[in-house]
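According to Swiss-Prot, the features are:
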- Glu274: active site, proton donor (ACT_SITE)
- Glu379: active site, nucleophile (ACT_SITE)
- Cys43-Cys55: disulfide bond (DISULFID)
- Cys57-Cys62: disulfide bond (DISULFID)
- Asn58: N-linked glycosylation site (CARBOHYD)
- Asn98: N-linked glycosylation site (CARBOHYD)
- Asn185: N-linked glycosylation site (CARBOHYD)
- Asn309: N-linked glycosylation site (CARBOHYD)
- Asn501: N-linked glycosylation site (CARBOHYD)
- 1-39: signal peptide (SIGNAL)
Amino acid sequence: MEFSSPSREECPKPSGRVSIMAGSLTGLLLLQAVSWASGARPCIPKSFGYSSVVCVCNATYCDSFDPPTFPALGTFSRYESTRSGRRMELSMGTIQANHTGTGLLLTLQPEQKFQKVKGFGGAMTDAAALNILALSPPAQNLLLKSYFSEEGIGYNIIRVPMASCDFSIRTYTYADTPDDFQLHNFSLPEEDTKLKIPLIHRALQLAQRPVSLLASPWTSPTWLKTNGAVNGKGSLKGQPGDIYHQTWARYFVKFLDAYAEHKLQFWAVTAENEPSAGLLSGYPFQCLGFTPEHQRDFIARDLGPTLANSTHHNVRLLMLDDQRLLLPHWAKVVLTDPEAAKYVHGIAVHWYLDFLAPAKATLGETHRLFPNTMLFASEACVGSKFWEQSVRLGSWDRGMQYSHSIITNLLYHVVGWTDWNLALNPEGGPNWVRNFVDSPIIVDITKDTFYKQPMFYHLGHFSKFIPEGSQRVGLVASQKNDLDAVALMHPDGSAVVVVLNRSSKDVPLTIKDPAVGFLETISPGYSIHTYLWRRQ
């Protein structure tokens, strides 16, 4: 498929919200509009002058959805979001026995099986927790429901920073007493006990699906570091296998122990958030530098054995947790060493330099070399680059950047995709170094209101409809086109296809499933759709 450039931001034209049938569908297929059912509430749109709208939520109202609908055999569900203001609106269609369309044909190839999906989610940073808890309790609950419940978009991944990061309001670790090599003074501060942990428990209670927790450290205690500071160029003192590295490895176990005391178990930890950052002079916020060779030896001699010999031996270890530009080199260094490789379950990647690193040459090549090591996208956000505005309320372009990234990652063997902060304030913070960025949910505490951005719904087109255990399958286009598309099978054998149109042109479209027939539809300009149907 060919990828078109993202559109220039323009102010939206108001759209009616009564029927979801686009006028351009006439003559192809009349998709039957589905009225808002008892559990579903429509978006209350608000424009801030960017290319689309946000949906406004407060203590008494928030848009919501019914659980995903799999209609009777021979029909399909279609969920639509558009730049003009539709937000995951449901319609139903009939699967045709014969192909009558003349446009693009996407053919499902269920016999071509690829990776199984782990899931989708976001990070419970200190900043996210502060913003959520600044709302009134009813508004807090609606925000958490929006992300984690069946009424929302069904997140099943939460990334948790181990101690502070830039999205904290102070710098701290869990062991700031100098030379405490036995970690006797290791303790969780109120950021964990009063903010993150209670919110994570509330999210787990709301979720219908099992939620997996992923932990990542930004910096070690400063007394373990060569530069004696949380930020800037610095790595662990000494060499792998020594007291500094062993202490840092045991810090991971102490963290897992402490959260277990609060009845929270982790699916995975990453060896270090962005290990390349701590190799850069003047790096502005929390970091800990590792070269690939240093990470290899730390995993082989310290972190891997320490986790394996602890009560947390089932916790998965993910390497890298940095830009995919570093692949496949970083993977080659670590995974060609059998002592390190035996402890590594997966490779975590961040999205920030993706424009410099084609997916095929990085993700694709890494999968070719190490097909049994999973790839997992662990962090993404927009607004972080110096030329970008931090927050653009209602930006459709930023939503398209998310869904384009998710589809590309899925097409190159990645098993999950994790957003950064679950919620930020209108400035894009708080952040102790003022590294403000955007978020799918922006909280305005002055109004006890939060805004669900296009990014939220673009993510929802995947997270709500692709449960853990779904498997990507083949999908072949009949001609070059400007759409991004991916197909998956649910564990029960039903099908899901997500189609993103980043161009201004409407694209007539047929999806062919050899088992059931043809789905005649259209992909309007600047839209994203999720299609669901039963195959038996």
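Glycine is treated like the rest: Cβ placed from N, Cα and C.
Ranking the recorded positions Cys43, Cys57, Asn58, Glu274, Asn501 by Cα distance from Asn98 (N-linked glycosylation site) puts Asn501 first. For Asn185 (N-linked glycosylation site), the nearest neighbour among the listed recorded positions (Cys57, Cys62, Asn309, Glu379, Asn501), judged by C-alpha distance, is Asn309. For the pair Cys62 (disulfide bond) and Cys43 (disulfide bond), the C-alpha distance works out to 7 angstrom. Ranked by Cβ neighbours within 10 A across all protein chains shown, the glycosylation sites Asn98, Asn309, Asn501 are led by Asn501.
Asn58 (N-linked glycosylation site): 17 other CB atoms within 10 A of its CB, across all protein chains.
For the pair formed by Asn501 (N-linked glycosylation site) and Cys55 (disulfide bond), distance between Cα atoms is given as 21 Å, rounded to the nearest Å.
Counting every protein chain shown, 11 other Cβ atoms lie within 10 Å of the Cβ of Asn185 (N-linked glycosylation site). Closest to Glu274 (active site, proton donor) by Cα-Cα distance, out of the recorded positions Cys55, Cys57, Asn58, Asn309, Glu379, is Glu379. Residue pair Cys57 (disulfide bond) / Cys43 (disulfide bond) shows a Cα separation of 9 Å.
Reduced to three states, the DSSP call for Asn185 (N-linked glycosylation site) is coil.
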